[in-house]
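**Q** First, the structure itself, so that you have it in front of you.
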Amino acid sequence: MTLAGKRIVLIISGGIAAYKSLDLIRRLRERGASIRPIMTRGAQEFITQLAVGALSASHVYTELFSREDEQDVGHIRLARDCDLIVIAPATADLMAKMANGHADDLASTVLLATDRPVLVAPAMNPKMWAHPATQRNVSTLKADGINLVGPMAGEMAESGENGLGRMTEPLDIVAAVERLLDDAPKPLAGKTAIVTSGPTHEPIDPVRYIANRSSGRQGHAIAAALARLGADVTLVSGPVTLPDPTGVKTVHVERAEEMRDAVISRLPADIAVMVAAVADWRTVAPADQKIKKQPGEAPAPLRLTENPDILKTVGHHKYRPKIVVGFAAETQNVEDNGRTKLERKGADLIVANDVSPETGIMGGTRNSVKLITKTGVETWPDLSKDEVADRLAQLIAGRLNGG
Ligand SMILES: Cc1cc2nc3c(=O)[nH]c(=O)nc-3n(C[C@H](O)[C@H](O)[C@H](O)COP(=O)(O)O)c2cc1C
């Protein structure tokens, strides 16, 4: 219940993504938040007051000049009696009104009258988003201290066009809300962290590559957990299908050499957590053209060469971070291999896990790890990857702060 007791005013404006705000209401309430919804006229063309009212278990506010609503809560109390105002979806029109201080309906008036933080989740056609007028308004809103989440790139629901303009998915909006309302201590404030995540892809030719089963779930969760504790996190991610975690700078790479360069160029840092399943080998010379199958001929052998060892490079670098954590994915002798890795790579801590297929860890959502340090081994119970991430982030914070 990360949002227990938090009071959120949710403004829904008239975009096609309004249907997603129904799910957003559910997700926010699941986490303990109470919702007071405001719908613009436009929003009511896309979803009904009935659905919004039922899901939020609240009266739905729509009119500025409503005698009952003014007597009951009133627009000034609506604007102030909350911890956060979220606008999802935020239309180009509503953002323009906000940027220019208009107050000609309930939503815009509440937004002008509020002294509470505001989170905007824009959703519009890519051309509307890219328009200089919208971009001017975005700059103004940012300068006014308004928080933005998204938009995302992808296919538009109604036109099928591709580009920047999709509303951020409800769960990612929830994560942004949690970050804004998070009043937990920030033991990693002022610290910088580099996290690697996912697999690497080593090309064979323009269409084929060598890869592994890493999903990036654990690395991404660790990046997000360190950020929640206040660290300034750069996530260097191999090819994954996960969204970039919120509150983290994500750099996308494909090959191990690119990952090494991205990591090294970001040193010095206070913390390095090398979670990526970096391919040990790459092809000596990837072909420029697709290698054709020749009937009757045996396949050409793949000539491999060793990839850079990123953890070892970081562990022995002149700008070595104060805490270097490595991951060891093993299918046998987990503890012994982890201990050897700790020494060879110059790490302070190895998180070793058994990734034999029957464990379901690689690519799955749970993890069962052993923490190997110079002084001993600690076995953690079976946990979700998010829980492993939170525990590890706390442990790093404790060590960095002298614990
Ligand atoms: C089918 C349809 C879809 C629309 N989708 C969007 C949208 O995704 N984003 C947007 O900014 N405007 C969109 N519009 C235009 C807005 O609804 C319009 O600008 C309206 O005045 C917004 O009012 P509001 O900001 O008060 O809700 C759409 C209009 C129609 C007819």
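Quick reminder: no glycine exception, Cβ is built from N, Cα and C everywhere.
As listed in TrEMBL for this protein:
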- Asp280, Lys290, Pro308, Asp309, Ile310, Leu311, Phe327, Lys341, Lys345: CTP binding site (BINDING)
- 6-179: domain 'Flavoprotein' (DOMAIN)
- 188-397: domain 'DNA/pantothenate metabolism flavoprotein C-terminal' (DOMAIN)
- 1-192: region 'Phosphopantothenoylcysteine decarboxylase' (REGION)
- 193-403: region 'Phosphopantothenate--cysteine ligase' (REGION)
**Q** Looking only at Cβ atoms, how many others are within 10 Å of the one on Asp280 (CTP binding site)?
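**A** So the Cβ neighbour count for Asp280 (CTP binding site) comes to 14.
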**Q** Given the model, what does the mean pLDDT over the region 'Phosphopantothenate--cysteine ligase' (193-403) come out as?
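**A** Over the region 'Phosphopantothenate--cysteine ligase' (193-403), the predicted model scores a mean pLDDT of 92.
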**Q** Determine, from DSSP, whether Lys345 (CTP binding site) sits in helix, strand or coil.
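**A** Once the DSSP labels are grouped into three classes, Lys345 (CTP binding site) ends up as helix.
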**Q** Hey, what's the Cβ neighbour count for Pro308 (CTP binding site) at 10 Å?
**A** 16
**Q** Run through the Cβ atoms and count how many others sit within 10 Å of the one on Ile310 (CTP binding site).
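**A** Ile310 (CTP binding site): 25 neighbouring Cβ atoms within 10 Å.
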**Q** Hey, of the binding-site residues listed (Phe327, Lys345), which one tops the CB count within 10 A?
**A** Phe327
**Q** Please report the three-state DSSP label of Ile310 (CTP binding site).
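**A** Going by the DSSP assignment, Ile310 (CTP binding site) falls within a helical segment, counted as helix.
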**Q** Taking the residues the record says bind CTP (Asp280, Lys290, Pro308, Asp309, Ile310, Leu311, Phe327, Lys341, Lys345), how far apart in Å are the two Cα atoms that sit farthest from each other?
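**A** That value is 37 Å for the farthest Cα pair.
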**Q** What kind of secondary structure is Asp280 (CTP binding site) part of, going by DSSP in three states?
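**A** Looking at the DSSP assignment, Asp280 (CTP binding site) belongs to neither helix nor strand, so coil.
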